[in-house]
Amino acid sequence: MSKFSFNINHQYKKARSGIITTAHGNIRTPAFMPVGTRGTVKAMLPESVAETGADILLGNTYHLMLQPSAERIAKLGGLHKFMNWGKPILTDSGGFQVMSLSKLRKITEEGVSFNSHINGDKYLLTPERSTEIQHLLGSTITMAFDECTPYPATFEEAKTSMQLTTRWAHRSREAFVKRDGYAQFGIIQGSTYEELREQSAKDLIELDFEGYAIGGLAVGEGQELMFKVLDYAPDFLPQNKPRYLMGVGKPADIIGAVSRGVDMFDCVIPTRSGRNGQAFTKYGTVNIRNSKYAEDNDPLEADCLCPACQNYSKAYLHHLVRIGEILGAMLMTWHNLTYFQNLMSRIREYIALGKDFDFTT
């Protein structure tokens with residue numbers, strides 16, 4: 001079995017392109033991970049997700065621990081077998097979802113106690129339990145348990161939260177079962193404070209994670225402030241390990257983050273937007289519900305190879321979405337995921353050529 005490794009093949013300014021080698025295959029970076037929250041990328045077959053060019057997808061610890069349970073998935077052979085996906089899977093730690101429960105959860109040094117949003121049952125999610133769940137799922141890349149610092153946060157609030165994340169990172173690392181081809185990423189926090197981001201990175205580097213994520217962004221701070229943090233945060237992380245910006249997926253945000261040294265991304269934007277009738281193209285977004293597309297015989301994008309563009313007109317997609325047909329959500333999602341994977345492919349090409357990225361080529 002291959003060992004987990006990251007090799008940078010090309011670098012242009014701060015942007016890097018390379019290959020992550022894992023037990024479940026290679027990941028070309030910069031990489032975009034479609035979100036498969038409950039063991040499925042909504043409105044897509046796993047083989048269709050692979051056809052879009054995706055090398056890896058994301059699963060959600062919080063949702064899978066509730067339904068059908070990590071133990072059941074393990075009994076059935078692990079998440080890869082369960083959902084028929086042979087490529088790498090990264091699972092988040094569940095921390096972000098639990099923190100977003102607000103009134104339903106309580107944070108202590110031990111972990112987070114919360115009530116299920118499904119039936120009200122009480123759970124305790126700790127660094128050890130989160131790591132165990134991800135092991136039971138068979139995750140290729142496990143995320144350390146963290147507290148996602150809310151925005152805005154004062155310096156003291158962000159410091160207290162960051163220090164808790166550091167202590168939880170130690171416990172997550174101790175609980176992680178090391179195996180060839182598998183990895184665990186630590187998550188740096190610190191809100192929008194450079195001093196805290198630097199300290200968080202220093203603390204986590206001591207634990208020698210296989211990769212590092214930048215958490216606590218895309219939580220309402222806006223692109224300008226996010227880029228300001230990304231001007232320095234990736235530089236605090238090891239050059240020879242993958243850097244993952246969690247929850248970021250607007251094309252302009254991805255391009256800006258890649259140019260600042262980020263390698264991996266995930267976001268629900270392409271799938272959620274597709275289900276809501278919004279398509280991404282090189283020339284901007286298309287709201288297919290708009291009546292101006294009712295008699296438009298052209299495809300969404302003439303040079304796109306996805307089934308929606310190769311076989312159907314904007315008029316047909318407009319019709320499907322307006323009447324709420326499931327096929328509309330499927331085709332729009334397929335197109336958006338194809339667009340995002342094509343975007344990542346073009347970004348990798350531009351890095352290899354040593355050129356600044358152009359959206360429209």
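Each position is counted from 1, following the chain as shown.
Note: Cβ is positioned from N, Cα and C throughout, glycine not excepted.
As recorded in Swiss-Prot, the features of this protein are as follows:
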BINDING   Asp92, Ser93, Gly94, Gly95, Phe96, Asp146, Gln189, Gly216  substrate binding site
ACT_SITE  Asp92  active site, proton acceptor
REGION    247-253  region 'RNA binding'
ACT_SITE  Asp266  active site, nucleophile
REGION    271-275  region 'RNA binding'
BINDING   Cys304, Cys306, Cys309, His335  Zn(2+) binding site
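If you look at the region 'RNA binding' (271-275), the same-chain residues 6 or more away from its ends with a CB under 8 A from one of its CBs are 34-35, 41-44, 285, 329, 332-337. In this model, the region 'RNA binding' (271-275) carries an average pLDDT of 98. Counting residues 6+ beyond its ends, the region 'RNA binding' (247-253) has Cβ neighbours under 8 Å at 32, 96, 217-219, 223, 226, 265-270, 280, 340, 343, 359 in the same chain.
When the alpha carbons of Asp266 (active site, nucleophile) and Phe96 (substrate binding site) are compared, the span between them is 13 angstrom. For the pair His335 (Zn(2+) binding site) and Asp92 (substrate binding site), the Cα-Cα distance reads 25 Å. Ranked by Cβ neighbours within 10 A across all protein chains shown, the binding-site residues Cys304, Cys306 are led by Cys306.
Rounded to a whole value, the Cα-Cα separation of Phe96 (substrate binding site) and Cys306 (Zn(2+) binding site) is 32 Å. Looking at Gly94 (substrate binding site) and Cys306 (Zn(2+) binding site), their Cα atoms lie 32 Å from each other. Here Ser93 (substrate binding site) comes close to Thr61, Ser130, Thr131, Gln134, Thr142, Met143, Ala144, Phe145, Asp146, Ser172, Ile187: these same-chain residues lie at least six apart in sequence, with C-beta atoms under 8 angstroms from its C-beta. The C-beta environment of Gly216 (substrate binding site), restricted to residues of the same chain at least 6 apart in sequence and closer than 8 Å, consists of Cys148, Thr149, Tyr151, Gln189, Gly190, Ser191. Note on proximity: of the binding-site residues Cys304, Cys306, Cys309, the one nearest Asp92 (substrate binding site) is Cys306, by Cα distance.
Ranking the binding-site residues Cys304, Cys306, Cys309 by Cα distance from Gly95 (substrate binding site) puts Cys306 first. The Zn(2+) site, placed at the center of the C-beta atoms of Cys304, Cys306, Cys309, His335, has further neighbours from the same chain whose C-beta lies within 8 angstroms: Pro299, Leu300, Glu301, Leu305, Pro307, Ala308, Gln310, Trp334, Thr338, Tyr339. Following the DSSP three-state reduction, the secondary structure of Gly95 (substrate binding site) is helix.
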